[in-house]
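Undergrad: I'd like to ask some things about the structure below.
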């Protein structure tokens, strides 16, 4: 904001006009600052792949006008890219496993699919991907169904197989159609690493109603680069929505294959809690990817993750899932209180169980978040 | 005894009238009671048109039972026996014109008195005349009040069941309205509460509590549940992690009333015999309780919070958690500002916490522990003295030189001698002696006595 105020000179008429303009601009700035104050700012934080952007997309679908046709179309290339990337990871992964594992025969691709595999791997390594034709889709499909690839997929947590793999592989026919237009669900599953900051402004009650809070949601990238440099720009946000994918307790980082993702999330959460700029900020912890967690817990014990090493299963089935979830929740709660100095104990901290892909669930969850923030406002205004 | 004629329904559909047949014109009973001539409370079934009941039915109702059940109601003064101040069941009149309960006045006579107790006049005639009119009046009055009360409670019961049905289908704002009404009914009428419990109300309400329950709904549900008599299955149903999680959230976010309700409800749930300590292990719960306890503007909250903390620390596995959130130093510092009942609860909690190493350490680290404990000896009650002593013992045992010195500086010795001298409890005396020995072990005799700043008599 440049300085527009010139020194007062009583005799020059054109100068007076300038002053008048300056005053007008000042007034407008003041008005907008005031309006800004009423906009509640929410910041989505979390490690890479935690589901932040999916939540972002959901909010867009729920409270804004959703995705227009042009925007949907723009996702076509992303969806196709995801398909190529996935099959390449699986193919290369199977080769790696065939080399290193004792039972290497499991991971050797059948001769029929070998060439196809090499070709697809080469395509997947390019900077620009070709159009997903019916032929290519068929080839990818047959490779996907190859037993070696399926075996590799079951070890997906050791590789960087994206969570959308299964969904896209099962829909190849549709995706390769000449007139393919991505559906809402396709968009939600599509994975692209967020760079920079994305923001949307919305009002939960609906755009036509006058009442209801106005929120502005910010989504920043999840990777670790230089977080500390820009985080303080978000001082004064109403709430931080921290996404933690609880299904990733047996997975490693994209940036560092020796680091467990859950440990990374733990460190990030701790770091964020201790930031001075978030002293008074409310924290909404979204324990995300519950659907994947549910399925995984039965087969992979929680204690493979160092943070959860003291976990003891008590039963089985649905009860056990609940028990495991409560355990994880408690761990995060402990971490919160350990990282919060006594003078900050007054800030709001709530934990929500989410599955970002489920629109109804996200809507319900957000309703609760909205209620909590509104109560907080009333409380701070002394009305509660 | 006078026999009433059958009731007459007035043509205009107004309340039934009852005329006394015998003798002269007696005031229409209904009017008498309604206009408060007899001084007794409100009208008969106001607006309900339940009217007076017939004699036959009235006599079936046992007067004694009715009097008992209507204890809270204000009885007209003319119905009360001047001797016992209880309503009369068999009123008899003396020659002076004063009326008493038969058994009471006969007892008076049997004690050798021949005077009228109220007028003090000497009786010229020792006969006692049964006052039939008054008896009928008393009986009818009670019968009417009784039937009105029964009807009201039936109305309330019926309404409670109705609202419960509405609740099953209501959504959004209408759900909240239904809950508010149910809450009012439950608060005002024990019959409504019973009716709710008997008709599966606990289960219905409980099903409204879940991870997606809004605060508005949750706070009303909790307010109702806390006023009900929960049985084993009801408590078990409510002790699911998701529901307790919700209660903990409301305990942290709600109005003071909601916080207290959640606290009380959790306390009630803890009384169930299968209660597992894990259910209340949430740090958010403990932090929330501590906040309640610190909030001196709401003494009800302080007591409720302390009570629940006490219940929680009876579970050994949770003691370390309580210490980890800084409860020890906060409780110690709050002690001077507490009233007697809170002091006892707080001391109890601290004493239990002192049984775990983290607790002892925290007590030692807190600078105010020793001075505050010393001040509380012999100040509030014997049990408080016992608890304070136990805490001092735990701390001094941990670091005898350091803490012993601090304790002596704070005037411990004089207090201990006081305990030894004036307390009857032998255990207490023993403890005090041991503590004195522990603290004085580093001083020579003369040095110690001078440090004690004792008065000459105690010396």
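Backbone N, Cα and C atoms are what each Cβ position is placed from, and that goes for glycine too.
Quick paste of what TrEMBL says about this protein:
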type: BINDING; residues: A:53, A:194; note: Mg(2+) binding site
type: BINDING; residues: A:188-194, A:219-223, A:288-291, A:356; note: GTP binding site
type: REGION; residues: A:1-21; note: region 'Disordered'
Undergrad: Including all protein chains shown, what's the count of other C-beta atoms within 10 A of the C-beta of residue A:53 (Mg(2+) binding site)?
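TA: That number is 23.
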Undergrad: For residue A:191 (GTP binding site), what is the secondary structure state per DSSP, taken as helix, strand or coil?
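TA: It is coil.
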Undergrad: Whole-number Å distance between the CA of residue A:194 (Mg(2+) binding site) and the CA of residue A:221 (GTP binding site)?
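TA: Answer for this pair: 5 Å between alpha carbons.
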Undergrad: Can you name the residues of this chain that are 6 or more positions from residue A:188 (GTP binding site) yet have a C-beta less than 8 Å from its C-beta?
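TA: A:54, A:57, A:58, A:61, A:356, A:357 - these are the non-local Cβ neighbours of residue A:188 (GTP binding site), listed in sequence order.
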Undergrad: Tell me which of the binding-site residues A:194, A:288 sits in the most Cβ-dense spot, judged by other Cβ atoms within 10 Å.
TA: A:288
Undergrad: Would you mind pulling the DSSP three-state label for residue A:53 (Mg(2+) binding site)?
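TA: Going by the DSSP assignment, residue A:53 (Mg(2+) binding site) falls within a helical segment, counted as helix.
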Undergrad: Write out the long-range same-chain contacts of residue A:191 (GTP binding site), meaning residues 6 or more apart in sequence whose Cβ is under 8 Å from its Cβ.
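TA: A:49, A:78, A:82, A:162, A:163, A:164 - these are the non-local Cβ neighbours of residue A:191 (GTP binding site), listed in sequence order.
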Undergrad: Tell me the Cβ neighbour count for residue A:221 (GTP binding site), meaning other Cβ atoms within 10 Å of its Cβ, over all protein chains shown.
TA: 16
Undergrad: Using DSSP with the three-state reduction, classify residue A:221 (GTP binding site) as helix, strand or coil.
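TA: Residue A:221 (GTP binding site) sits in coil per DSSP, no helix or strand.
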Undergrad: Tell me, which binding-site residues from A:221, A:288, A:291 are within 10 Å of residue A:53 (Mg(2+) binding site) if we use the C-alpha atoms?
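TA: A:221, listed in sequence order.
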Undergrad: Report, as a single number, how many Cβ atoms besides its own are within 10 Å of the Cβ of residue A:291 (GTP binding site).
TA: 16
